[in-house]
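So that you can see what the record holds, here are the features copied from TrEMBL:
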- 81-289: domain 'ABC transmembrane type-1' (DOMAIN)
- 37-59: transmembrane segment (TRANSMEM)
- 80-106: transmembrane segment (TRANSMEM)
- 134-156: transmembrane segment (TRANSMEM)
- 168-192: transmembrane segment (TRANSMEM)
- 212-233: transmembrane segment (TRANSMEM)
- 240-262: transmembrane segment (TRANSMEM)
- 274-294: transmembrane segment (TRANSMEM)
Amino acid sequence: MTSVAHPVEQEKAAGEKRRRLPWSSVRAGTWAGALPFFAFMAFFLIFPLLANLVTAFRAPDGSFSFETMAEAMDSTHREAFVLTTKLSVLTAFIGAILGTVLAWALQSARKPAWLNSLVRSFSALASQSGGVNLAYAFIALLGVQGLLTGILNKLFPGMLDGFSITSFTGVTLVYLYFQIPLMAVLMLPALGGIKKQWYEAAASLGATRAQYLRDVVIPVLWPTLLGSFLLLFANSFAAYATAFALAGGSLNLVPILIGFYISGNVLLNPGLAAGLVTWMMVIILAAMGIRFYLTRKSDQWLKN
């Protein structure tokens, strides 16, 4: 008759076997599973990043120089950075407000369940729906011969006078299509961490709902709100395909300039493009660094 080991005994035996294994082999086995990820990061992030930095700080004769970085911040390019910053701040601000309201509505209104699920799914999809497809969709909707443009001109003549989908206002409107859902997706976990007991405790002490929001909810959510705003800012600042498909060269945006310097027939200047990319990286990394700090602070609050 064959004896069957007790599950507890099997687990103990397996534990003893693992302890007998050399630490080096355990560590090697752990890192081996991450090799594909590190290879992907190296080829598609680290190597291009290093190549860009080398190009940005290299003079035409091959020597080390800050000349390209200085040229990337001359008056013409500073105007592009200012306009790109204005667009990013505006779309991030509006997107943060409307996205937070949308997330609050989704978190508060549980019924009808199908509508809540539909809006959540659409928000997750729309937050990643930038690019050429989105630009062409808005051109077909609000372009000169767009479907909605024709309807509004018939119903309200002169309503859209002065509006162009390729203008700063038009690009802002298109960016909000993915900025608002992205903010909602970012805020849903934070709003889900707000405990009902907090309101009950505040109410038992005589606090009104407005006082509860002002003194409890907003201080807890503030790091997440600001961190999400910074992510929206970086998302808008680095967007290229949507802006280029909409405005082309009519808007002096940094990503569009970089595209011209990399692939243009007249403005071809890879070194200057690398300089602009490096300055963009500095701005975006600063925003993401602040967001990382704020997110950690918010997580500490919500976990307690």
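Including glycine, each Cβ sits where the backbone N, Cα and C put it.
Bear in mind that the values here come from a model prediction, so they are computed numbers and not experimental data.
Within its own chain, the transmembrane segment (212-233) has Cβ neighbours under 8 Å at 88-89, 91-93, 95-96, 99-100, 179, 182-183, 186-187, 190-191, 194, 198-199, 202-203, 287-288, 290-292, 294-295, 297-298, 301-302, counting only residues six or more beyond its boundaries. In this chain, the transmembrane segment (240-262) lies close to the transmembrane segment (134-156): three or more C-beta pairs between them fall below 8 angstroms, excluding pairs fewer than 6 positions apart. Only residues 6 or more beyond the boundaries of the transmembrane segment (168-192), in the same chain, are considered here, and those with a CB under 8 A from a CB of the stretch are 83, 87, 90-92, 94-96, 98-100, 102-104, 106-107, 120, 122-130, 134-135, 138, 142, 221, 224-225, 228, 231-232, 235-236, 239, 242-243, 246-247, 251, 298, 302. Sequence-remote contacts of a segment are chain residues at least 6 beyond its ends whose Cβ falls under 8 Å from one of its Cβ atoms, and for the transmembrane segment (134-156) they are 163-165, 170, 173-174, 177-178, 241-242, 245-246.
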